[in-house]
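The structure appears right after this line, and notes come after that.
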Amino acid sequence: MTNEALQKLISSWFPNPEAGITPEPIQVSEGEGIAEPQEPINPSLLEFTEEGSQFLNVSVKPENLHELMTQLKASNETSFDYLFCLSGVDWGTALGVVYHLESTTYRHSIVVKVKTEDREDPNFDSVCDIWRTAEFHEREVFDFFGIKFHNHPNLKRLFLTEEWDGFPLRKDYVDEINMVIK
Amino acid sequence: MQETTTINNNFKSEEYFINMGPQHPATHGVLRLLLTIDGEIIKKVEPDLGYIHRSIEKMCERDSYQQIVHLTDRMDYLSSHINNEAVCLTVENALQLEIPERVKVVRTIIGELTRIASHCLWWGVMGMDVGALTTYFYGFRDREMINDIFEETCGARLTMNYNVPGGLMWDIHPNFVNRVKAFVKHFKTKIPEYDRLLTGNVIFQKRTKGVGVLSKEDAISFGASGPVGRGSGYSCDVRKYHPYSALDKVTFKESLQTAGDTFARYQVRIQEMWQSLSIVEQLIDNIPEGEHRVKTNAVIKLPKGEFYQKVETARGELGVYVISTGTKNPYRLKFRSPGFSNLSLLNHIAVGGKIGDLVATMATLDLVIPDIDR
Amino acid sequence: MSIIEMVLIALVYLGIFSVAGLFLVLLERRVAAWFQLRIGPNRVGFQGLLQTMADALKLVSKELTGTEKADKFLYNLAPYFVIITALMALGVIPFTKDFQAFDINIGIFFLIAISSIGVIGILLGGWASNNKFALIGAMRSGVQTISYELSVGLSLLTMILLTRSLQLSEIVEVQKNGWLIVQGHIPAIIAFMVFMIAGTAETNRAPFDMVEAESELGAGFHTEYSGMKFAYFFLAEFINMFLIAAIATTVFFGAWLSPFGITESIPWLGVFWFLLKTLILVFLMMWFRWTFPRLRVDQLLTLEWKYLLPINLVNIVIMAFVVWQNLIIQF
């Protein structure tokens, strides 16, 4: 599937109730303009962008994450069955997780991003019931970013010891002894 | 010899813990596995990581792109050239640099030689893990020849650092072509020797067939890549699906096995050695003339955006995910390492087997611990 | 024989075979090196001849370390069990007609019995070390030796049907009309093959080195042993290997008898023939070790109980038939 088609399909799964009416397919298929921030009301709860990336990027709210991911994997048209990268990112103010997905049948890719402003107790739904590889990757993210994942079967530190203070890959992490800052 | 592992309930059996590693011959490095065992039967495998974690991703955030290339050697040190290449490709694609054909071809040749060297070492160690100590020396004999070639051209045997963003550090050594040809000729007679020594051995086959079976669905779900995925019939060769460097100019067959057991993964790697040899053969005779490097700025600044590059290392799919804010350092750099995903499926396939099965299974996952503990 | 005489002979044996054991270690290392495209030890003494001597000296002078929680008495006792039984068995081996310390009428039986005691040492060592890897190794060893004892015993019993005596000197005497492997032809060859497999397993050598299985258990039952105590285990393994080869030589290949009686007039040459035959078999066992991968523990037991044991039992019947019908080949 092309990125446009993907965008059209996926955005139709999550209609924005504030947009009033459900978006008509013709309206959405007009192009990438839909997802751009200038658009007054986004017809979908998801935000799409291809700017500055070779993949189609989808931003999703934490509460819709698990549903979207389940759909992405389960839908016959998308069938994103291969989670090839799961990265935690510290955006400065927000903490987020970036999921890189690929379909082994159609060989198309998508990037799903989720963010939260809550730096004290960030948490998202775990996707390890959808892709089992997420189990380890989420533990890694938990270890280095302190992001908690609901329904994770074994969420504990993977690389660092249990008593380690702080989350090293966050931008505000300070460790004067071990870190060499140029 | 089908194993019968039914436990008679009249006997009270007790599970116990055992620490395999961090200093254990079969974990090939400082991997620690917490095993829950009932007699000889494995009930649970829980990896405990971080013994050599250097937080390369954090270090990358303060380093320039040229410096990052050198850090990648220290991840999967057996595929160091391919790791370097991954970062260089990311940078080059982001800057939209036009890379000379010569560079692409040389990178591919050295990449494939790296793969052969890595598989040679794996083969030796695989034999050792199942108890045939002699294989180790046979594997090393051939790997040594490749290392000598690398030493001459790249200046180092293991952590080669031959790639720089924009090309190669320097041009290939005048002997390079001849030595590679000599190696190809030599190694063609040696893979059959490997087969005679180990592959055909009945004990070896009994030890590996039907052991550590991974289904195709699980392979995809666990994010298995490289020979581990291909052993389960999951076609996942990055060189086929997202060809990079000169790999789109060569023809080769992706080695696939459907059994998904330890022996299938073993066969995939043996076939991969043949395929890599054929790739090297196709390219070695016509390395195009030209520059070995294009000029880049002394300070490389990537445009704002996100960049992702996949390459196929000897272990599987290595991903480099760069988030750039337009400065000379990446804002965030994530390495998706093949070993990490492959390790995550160990518990799934090792449970129910014996300790000996775990060792054989782990050998075909071909884990390199610094790759997992980045 | 007076006590003094016996003590003297014992001391001579002890001296000879400890050194011989060391040279076997050297031989193993050179053979391994040859198989592995290496040179092997070649620096200490001429062609490395003194290498293992130097190693032994190093081990003697090493500090003995052990674990706090080990059962001290059993832990210290174990290596002696292993080494003493190995050396004891050498007493009955007929190197020549006269060079045999102890010719009892139940020689074969004595050898089988003595070699089973050795495993108690391994069990003790593994158990008393209070180490889980050592314990697994010891348990494997127990399982393995109990199983393969049967095959060793039964394959030798097959040959006893031919010789009609358990006394080693008489077994050799019978072979003056042709080595037993020729006399007993088919069942004897089967018995020999079973004996070599079971014998390799008895000595815990690859491909049956479950007990140590370095890639699985680190060092197995002797994980916690160091210095000379470790050396005892190590030396015992080599003496046991020599013993298995020596028993095979005695029972199947006519011990010190020369082929076709070519040197019958020079009896002392028997030592040469005996050692030659034994070393060829030792080499065979080394060949196994450096070529084969290791079996898994359940496959090891399957091999014994489902294959070797039935083969052996049938083989005894065949041999009995051969003896009954007098189908023996004799010159």
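In case you wondered, yes, glycine gets a Cβ from its N, Cα and C as well.
According to TrEMBL, the protein has these features:
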- C:7-27: transmembrane segment (TRANSMEM)
- C:77-96: transmembrane segment (TRANSMEM)
- C:108-128: transmembrane segment (TRANSMEM)
- C:148-166: transmembrane segment (TRANSMEM)
- C:178-201: transmembrane segment (TRANSMEM)
- C:230-256: transmembrane segment (TRANSMEM)
- C:268-288: transmembrane segment (TRANSMEM)
- C:308-329: transmembrane segment (TRANSMEM)
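Contact between the transmembrane segment (C:268-288) and the transmembrane segment (C:77-96) holds: at least three of their C-beta pairs are under 8 Å, each pair 6 or more apart in sequence. Comparing C:7-27, C:178-201, C:230-256 for CB pairs under 8 angstroms to the transmembrane segment (C:148-166), the maximum falls on C:178-201. If you look at the transmembrane segment (C:77-96) against the transmembrane segment (C:230-256), you find at least three C-beta pairs under 8 angstroms, all six or more positions apart, and that counts as contact. Residues 148, 150-151, 154-155, 157-159, 161-162, 178, 182-188, 190-191, 194, 197-198 of the same chain, all 6+ positions outside the transmembrane segment (C:308-329), place their C-beta atoms under 8 angstroms from a C-beta of that stretch.
Within the same chain, residues 41, 48-49, 51-53, 55-56, 87, 90-91, 101, 234-235, 238-239, 241-242, 279, 282, 286 sit at least 6 positions outside the transmembrane segment (C:7-27) and bring their C-beta atoms closer than 8 Å to a C-beta of that stretch.
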